[in-house]
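**Student:** Pasting in a structure now, in structure tokens, and then I'll have a few things to ask.
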Amino acid sequence: MGSVTSFFGGLCGKEVKIEEERLFRANDRPYNLSYQYANNAIRTSKYNVFTFLPLNLFEQFRRLANAYFMFLMVLQLIPQISSLSWFTTAVPLILVLSITAVKDASDDINRHTSDKQVNNRMVNILIDGELKKEKWMNVQVGDIIKLENNQFVTADLMLLSSSEPLNLVYVETAELDGETNLKVKQALTVTGDLGDSTDLLGHFNGEVRCEPPNNRLDKFKGTLSLDGQTYSLDNDKVLLRGCTLRNTEWCFGLVIFGGPDTKLMQNSGKTTFKRTSIDHLMNVLVLCIFGFLASMCTILAIGSAIWEVREGSVFTVFLPRDQGVGAGLTSFLSFWSYVIILNTVVPISLYVSVEIIRLGNSFYIDWDRKMYYPKNDTPAHARTTTLNEELGQIKYIFSDKTGTLTQNIMAFNKCSINGKAYGELFDFSGQRVEITEKTERLDFSWNQLADPKFIFHDHSLLETVKEANPEAQDFFRLLALCHTVMPEEKKEGELYYQAQSPDEGALVTAARNFGFVFRSRTPESITLVEMGKQVTYELLAVLDFNNVRKRMSVIVRSPEGKLTLYCKGADTIIYERLHPSCNKLKEVTTAHLNEYAGDGLRTLVLAYKDLDEEYMDKWRKRHHEASTAMDGREEMLDELYEEIEKDLQLLGATAVEDKLQDGVPQTIEQLAKADIKIWVLTGDKQETAENIGYSCNMLREEMKEIFVVTANTPEGVKEELVNARRKMCPESADEPSVISSRAGLFWLQKIERVEDEKVEGEYGLVINGHSLAFALEKDLHLELLRTACMCQTVICCRVTPLQKAQVVQLVKKYKQAITLAIGDGANDVSMIKAAHIGVGSVVRYGHAGRSLFRDGYSFAQFRYLQALRAGHALSYPMCKSYEYFFYKLHFHLVVQFLVTRFFCGFSHSPVGAANVDTVRDDGKDIADYQSFAAVGADLPADRHERGRILRQVHNHRAGGKKRRQFDFRLGTEVITVGCTCVRPSVIPQRP
Amino acid sequence: MVKEEKEIANRPDNTAFTQQRLPAWQPMLSAGIVIPGFVLIGLAFIGIGVALFVTSRSITVLEIDYTGIEKDSPCYKCSDSDAKNCVCNLVFSIDSLFEGPVFFYYGLSNYFQNYRKYAASRDDEQLSGDLDAFTAPSDSCSPYNYNSNDKPIVPCGAIANSMFNDTFVLYRVVNGAKQLVPLDGKGIAWWTDYNVKFRNPSVTPLKNAFNNTVKPIFWPKPAYQLDTSDPANNGFINQDFLVWMRRAALPDFRKLYRRITDGDYAKGLPAGNYSLTIAYNYPVVSFDGRKKVVFSNVSWMGGKNEFLGIAYLVVGSLCVLMSMVMLIVYAKFKFPEED
């Protein structure tokens, strides 16, 4: 479609030159208009009333099947050529065209209405220093607009100022990337100072220079020039269209991209059409058949010419020849007549039938209750009809972790306080009791502010807290104070926490239920309700978390005036900073931590430190100096933090369960049985990823070895990879054996593949982002591939979205295997697009990832993958349909060509009443194929087992070495030929 | 309550169709089914083949060529295209009783009734008695739609125009005296042709319908005078016309001319000498065609056709042979069952 419009655009000379850089000034419409940037109106519709018919027909005739039918119909309209009446082709063609047109039209009408609705939404624009309500579509680049809480972001904005302290803004990006947690954006201080003063904002005349419109959701590069100063802009300062403002009263933003240029729109619509391998095979076959048809028609035309000369010129008594029509012309005309009469040879109707089968199958996917998730009312949804038959041939699955394997719900599961572990249940004899759904839950009804959804089973912890055990109370006090969660209290007593990471939310919720309710926060204070009593702590400093520090601390002053530093962080980091007096406690806690890690829990260690007033005063002064310093601010702050976070007193440890989705281990086991390799590509840190690997059965204790690649140099990575390979397979060749071959249409495409290498026993591989970056380089990627493919399980941690896609492409390219990628967030899109089959794990029906999962499948739970793969794989029935088709083709062909032609003077008489034939054939074909497909898709056999066999059957057909199935099709061929011979003779002799 | 309803709004229906629980059956083509299956099919084919072959052998056929190319042929004089109203006499004898009912065919060879242009050269509207098509025959009849004076031809087209017009009279020669063998010309055409496809216009007398039209160029008499003895057997529903209009599928064909069922001949043609008087009108020599008369009786499987039986026998034996081959292959390369 795009090419059509650009084609027409090119005709009209309106081709817009490609934008290389965007430059505009705030509050300067005339200046900005000179660049002709798109305004904020969007148009997702394809047609209008006048263009619908021509454009839609053009679209439809670009499909080979329709064009071919049209061509046939034109031929049939020529009386000298026509052998069948034209309506045998016209009726089905018009039917197909009009059904498609009606569907397209209704789709387009829907798009028109939704466009209209979106374009007419109202927003406050600052015009001439005054706020005016305007329609979305009238917003221009360079306008300043005001957004209020819970409003949709109008366009891609540069954040100027907000109601929140530090110019923060919270946005929900579910619409854009499917992630439901809030994200924080922060304005530059210079612009933040403008506040909500329309006067100041009205005179804001910054000039923005930034990248041209693109579809990268996670990157933005630009600069703001203001009063001779230049400030750099990054993704943190940009609000994208499609997000929703949350927990922020108001904010002002400067429009950078409008309408079609926004990242949301840039991400939508451009779907790369994924074709299946059967499609490719089919195209090759059809081309061969066209060649075959042409040669047959040529033979027959030549035959016709010979007959005309030898017999026809004599047989004129009863059939006079037309004047001037020689044998040459007759044979030329009969060539085209044969094209018509032998059209059943060309499996164009098969294309239509196959489309219908696929469509039906995707309906079955949508309808399947086995893939319906009742908890959030989400049925599975097939957004593609073409990929169904590849589902049975998947060999590699690439999965995201968070939200895909796990629920992305963290649950406070266990803890260790002052050397005592809580969270397990024991019966009277001291045996550990399995916690199930039915296990009695703790009753938190004494606490009015408790979260009813919080579940905990161990009574002893609650009792300990209620006994006013000081360590336990400090433990939960710390959890309630040391975090970045935002509370939201819409009604008295109804608290909602907006957490940036679900871990934090889980911990704060735990504290809340155990009587340390985090109620509200200001930049200077945090208010808790401690065991029913309201307490306000003065917040002196926040030593925030980053990937290097791996810890977070707060310094607070209690109402009694006691100064305390509370710190939580990764065990290794905190342990380095503990006071020697806690060594004994440390040992006990370490034992607990190891236990937790073994269970696949995410752990944090908590510690505190009492501070004295005098030291604190000094430290605060230095802190203030450091944070206002122009040079080396970061280093100075780090140093200060380092200084104060030492000699900590160990409190205990928390264990948060990153809850696996139901049935994940079982599904993974079944997939592994079906010989499918699973690679987990996650942005999480190595420990977490490994934990999840264990808990969902991908890494197993009985694995011979799990290799961990963490080197930071190319040489190191290579060495580790080669060592791993040597261990698995000592006799493997040094150089990878890359087999070059040709494939595709006329074998024009060059392909390279790396053979699988056999390995005894099961291995796992864990590789981190740094190493992966080196391993994906040209000189190492084959090493990575060879080593990784020897392993049963591969876990890549700390990977960027780009690397995810690269990994998928690597496997796709060199293994020539069908890949499936499943993920739930924006960071998985590239991976999903790269893989043959994309699956979106969606949170909410109809909402999440509107821009993401354009084609492929979506459903709510990872475990449905198995149902999808085994239950709806179309390859087997599809192959059967194709086989049946070619069987039928033989039949027609032999009768039409070999038998009849030679007896009727090579004239194009159809066998039987051909118009009836055509209609009946088409109808029957579709019914036959459908029943074939339906029967094949509905074998009540053990589904995963069948899936495996399907893949093996396929592999065998694709030229695998082992012939596993005894092939009886030869026998069927004999019958075909036999029947064909018999058929003309059973045409009854006239009485 | 409302909330609950909303929550399951997207749940797919639980029906046998949507949940793919419709009953289905699929044959599993394992060796245990295919090999016996082939044997059974093969045996069935061989059985049918034997029955067909034996039946076909029991059918008697008597074919006599009367084209008259050879000098010693009684119709030699008639084969000259200049001869008009030529009559020739064909004498033949039957050794033993030719069991009845005997069918009397005429046969043509090297005659392409199935040639596309010939086959299309007719106007079905006209033949179904549509008077509009009488005045304006379809273009498909060209060049036999109008005569040189632009008068419409009825019935138009090459097929009708080339209607076979030799006539035959059969005599049994008993002691030198000729005894007429009655020929039955009723019910020799297809039922559908006679009752459905071909209709005379509902004009009485029939002749009036043909006003302002001309007869086909090669015809001696117009369509409403095809059978002077039986007024009901005229126009488009004349039996001989119907037989001719039903085109043959192959270039060597025979068409039913009469049945011999009446009186003394109901049991068949007794042994003895016969004389066939042929009114030789139809030219075939110019395109190397041949004409013949055929006497034949029929069985439950139709006329004599040895090929059909042989084809069944061959396919049946192939099936059995294949099953043997598969059995050997299976025994030799028996594959371990899938677990």
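Backbone N, Cα and C define each Cβ position, glycine as well.
All annotation found in TrEMBL is predicted automatically rather than curated by experts.
Predicted, not measured: the structure shown is a model, and the values here were computed from it.
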**Student:** Check each of the ranges A:84-102, A:882-900 against TrEMBL and return the one annotated as transmembrane segment.
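**Tutor:** Among A:84-102, A:882-900, the range TrEMBL annotates as transmembrane segment is A:84-102.
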**Student:** Are there any residues at least 6 positions away along the chain from A:Arg798 (ATP binding site) with a Cβ closer than 8 Å to its Cβ? List them or say none.
**Tutor:** A:Thr682, A:Gly683, A:Asp684, A:Lys685, A:Gln686, A:Asn768, A:Gly769, A:His770, A:Leu772
**Student:** Spatially, and counting Cα to Cα, which of the binding-site residues is closest to A:Asp400 (active site, 4-aspartylphosphate intermediate)? Options: A:Phe545, A:Arg602, A:Asp824.
**Tutor:** A:Asp824
**Student:** Any idea which of the recorded positions A:Asp400, A:Asp824, A:Asp828 has the thinnest Cβ neighbourhood at 10 Å?
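**Tutor:** Fewest other Cβ atoms within 10 Å, among the recorded positions A:Asp400, A:Asp824, A:Asp828, is found for A:Asp400.
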**Student:** Would you count the other C-beta atoms found within 10 angstroms of the C-beta of A:Gly683 (ATP binding site) for me?
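**Tutor:** By my count, 21.
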**Student:** Name the residue among the binding-site residues A:Phe545, A:Arg602 whose Cβ has the smallest number of other Cβ atoms within 10 Å.
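**Tutor:** Across A:Phe545, A:Arg602, these binding-site residues, the one with fewest Cβ atoms within 10 Å is A:Phe545.
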**Student:** Three-state secondary structure of A:Asp828 (Mg(2+) binding site) from DSSP?
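**Tutor:** The three-state answer is helix.
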